[in-house]
Amino acid sequence: MKNTTSIHFFYMLPFSGETRSKPFITAFFFLMYVVGVLINSSIITVICLEDQLHKPMYLFICNLSIVDIFYTSVTIPKLLHMLLSGNHIVSSAQCYTQLSFITGAASAEGILLFIMAYDRYVAICIPLYYSRILNQRNCSLITIGMWAAAFLNSLLFVLSALYMSSCHSNLIHQFYCDAKSLTKITCTCRPLFLLVAGAEILVIIFVPFLCTCVSYVKIFSVIFKMKSEESRRKAFSTFSSHVTVISIYYGTCLTGYLIPAYSDVLDLAFNVVWTTITPMINPIIYSLQNANVKTVMLKFLNGKFFL
């Protein structure tokens, strides 16, 4: 039988200890973090302060920017601390706290993307009922419910992962604590963890993805029936950015699950894209695709926003 030990701390080794590359790696992640937080913070500020953007679609974009800030703030500052101090030891409490916030952010994004798809469905397919279905009260309840469901799922997931035993070592070849890295160093997964993980994949990933696809089919059918080319172009432009963002989200999720368990390099590359580059790309996609956001952002940059 294999010897098992309870895990009290983890040793993170994300970049195989190549000291010559450390300054470039540190500068890259610092730049990604600053740019990502600045872009997302600007989107949140503009949407909150501009009255014409106080609409359901922009409320959901604002929440997406909050989720993206969560991704980078939970992972990159700790990575920078490890790179600058040389201390790669992470306590189990720190690791599971990081896992909790990452899982919560991922769950919130999955639910949020489905809500945004439903918003576009109502706006394009049944526009006369838009103000009734997505009024201020309903949008507030949807937002509260989304975050509550995300972090309840996160709490259940982390509680089910606690007290797992390590087989050979507590070395993690990753720059943050994620579920896949933790399961690599455990002898057996507890039945509760497998149950919660399966339920999470079904409820947080598969069901929203299926509902989103149904919404897209109905949206496309309505757009193709429009007689005016201008109406089709305008309707398509209102949700094309969402199609791009959701493709990136589910593309990275699918890639993460398909990456072989023994491929630490591919896992690392995937997580870098998922937690640092994607949160910076999402608001740029929405800003470039949405004329109202671009107009207000230009006013903000030109200093006319507060005049």
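Any Cβ shown, glycine's included, is placed from N, Cα and C.
A quick note: this is a predicted structure, and the numbers were derived from the prediction, not measured.
Feature annotations, reproduced from TrEMBL:
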DOMAIN    39-286  domain 'G-protein coupled receptors family 1 profile'
TRANSMEM  24-49  transmembrane segment
TRANSMEM  56-76  transmembrane segment
TRANSMEM  96-118  transmembrane segment
TRANSMEM  139-163  transmembrane segment
TRANSMEM  201-224  transmembrane segment
TRANSMEM  236-262  transmembrane segment
TRANSMEM  268-288  transmembrane segment
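Contact between the transmembrane segment (24-49) and the transmembrane segment (268-288) is supported: at least 3 Cβ pairs lie under 8 Å, counting only residues 6 or more apart in sequence. Long-range Cβ contacts of the transmembrane segment (56-76) within its own chain (Cβ-Cβ under 8 Å, at least 6 residues beyond either end) map to 29-30, 32-33, 36-37, 40-41, 43-44, 47-48, 98, 101-102, 104-105, 108-109, 112, 115-116, 119-120, 123, 134, 139, 143, 146, 175-176, 238, 245, 274-276, 278-280, 282-283, 286, 290, 292-293. Sequence-distant neighbours of the transmembrane segment (201-224) (same chain, 6+ residues past either end, Cβ-Cβ under 8 Å): 106-107, 110-111, 113-114, 117-118, 120-121, 124-125, 153, 232, 235-236, 239, 243, 246, 250, 253.
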